[in-house]
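Trainee: The annotation active site, proton acceptor is assigned in TrEMBL to His161. According to TrEMBL, the Zn(2+) binding site annotation covers Cys169, Cys172, Cys220, Cys223. Annotated domain 'Deacetylase sirtuin-type' per TrEMBL: 37-329, in sequence order.
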Amino acid sequence: MRMSFGLTFRAAKSRWMVNVSQQCSHGSVGLFVPPSPPLDPEKVKELQRFITLSKRLLVMTGAGISTESGIPDYRSEKVGLYARTDKKPIQHGDFLRSAPVRQRYWARNFVGWPRFSSLQPNPAHWALSNWERLGKLYWLVTQNVDALHTKAGSQRLTELHGCMHRVLCLDCGEKIPRRALQQRFEALNPTWSAEAHGLAPDGDVFLTEEQVQSFQVPSCAQCGGPLKPDVVFFGDTVNPDKVDFVRRRVKEADSLLVVGSSLQVSDLGWRPPERLPIWFISSCIESSHLCLLVVRCTPATGLSSLPERRSFQSRYLTLGPHGRTTWHV
């Protein structure tokens, strides 16, 4: 399935222009959101009690939380990358070994960057940021690399897979903002132009091999080494220190809320403690042997459905075998 979003880059009078069609700027936001059933009011009440009674709530978010901001995910039925195309994400080893692979990646990323970097948090991101401000959220761990939690103001945050808004040198480790690299791309490619067909997760688009061949890629300004986005590609591993940090936060938590992810793919290499109550908010997940309850809806719908409160009041809860809860409210 080929999808054209009308992203066209061209050089005009020494200034780069990007033309974004109406479909791309507005329609694509809903294009990547998988279908979900109507929100169950009773489950919303249970979710509210779960959040209210949590004292050290840890939230984990995945790609599903950002689809309503216009970023596709990989695995959602009918709308994820794997369902829409036969394209596969770039592999870490290929990026390290091959200059042509790096050239293709950066050309695609260059075209997709203006749109990707301009995307904004949706109500789910804002809700989690507000929980932190109210003292309800103990820690937030995201698998996403889109910086939308940061844009929403979250600070008690671990970006497990890094962030597309940073670039690092593979030789000397120097880090620069991604926006600075965009300017270097433009200077090196004053006459290069491309039209993208299809949008991929993590900020890149689909280009033909012919379009990529003439694209020039800058090296590190400090040492001349190859540049890579400061993210974990497929086939790479998360920094062990970061994994240990997240595991400690999980051990300190008294409850876990998973938003926009099934946790079927995880770099943590762990199973949550059995005593930890776990809830999922996802439009795709049917059930999980890990969880107490699944709220099947989009993350923005689920989190924004909770009442706005200046503070969270509760009495207590007790945990039975296998994490089953009894509420005392």
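Using the three backbone atoms N, Cα and C, a Cβ is placed for every residue, glycine included.
Whatever TrEMBL says is automated annotation, not expert-curated.
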Trainee: Around the Zn(2+) site formed by Cys169, Cys172, Cys220, Cys223, list the extra residues of the same chain whose Cβ is within 8 Å of the site's Cβ centroid.
Mentor: Leu170, Asp171, Gly173, Glu174, Ser219, Ala221, Gln222, Gly224, Gly225
Trainee: Which whole-number mean pLDDT does the model give the domain 'Deacetylase sirtuin-type' (37-329)?
Mentor: 80
Trainee: When you measure from the Cβ of Cys172 (Zn(2+) binding site), how many other Cβ atoms are you left with inside 10 Å?
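Mentor: A count of 12.
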Trainee: Fewest other C-beta atoms within 10 angstroms of its own C-beta: which of the binding-site residues Cys220, Cys223 fits that?
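Mentor: So among Cys220, Cys223, the binding-site residues given, the one with the fewest Cβ atoms within 10 Å is Cys223.
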Trainee: Please report the distance from the Cα of Cys223 (Zn(2+) binding site) to the Cα of His161 (active site, proton acceptor), rounded to the nearest angstrom.
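Mentor: So the alpha carbons of Cys223 (Zn(2+) binding site) and His161 (active site, proton acceptor) sit roughly 25 Å from each other.
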Trainee: Cα of Cys169 (Zn(2+) binding site) to Cα of the residue listed as 'active site, proton acceptor': how many Å, rounded?
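Mentor: About 17 Å separates the two Cα atoms.
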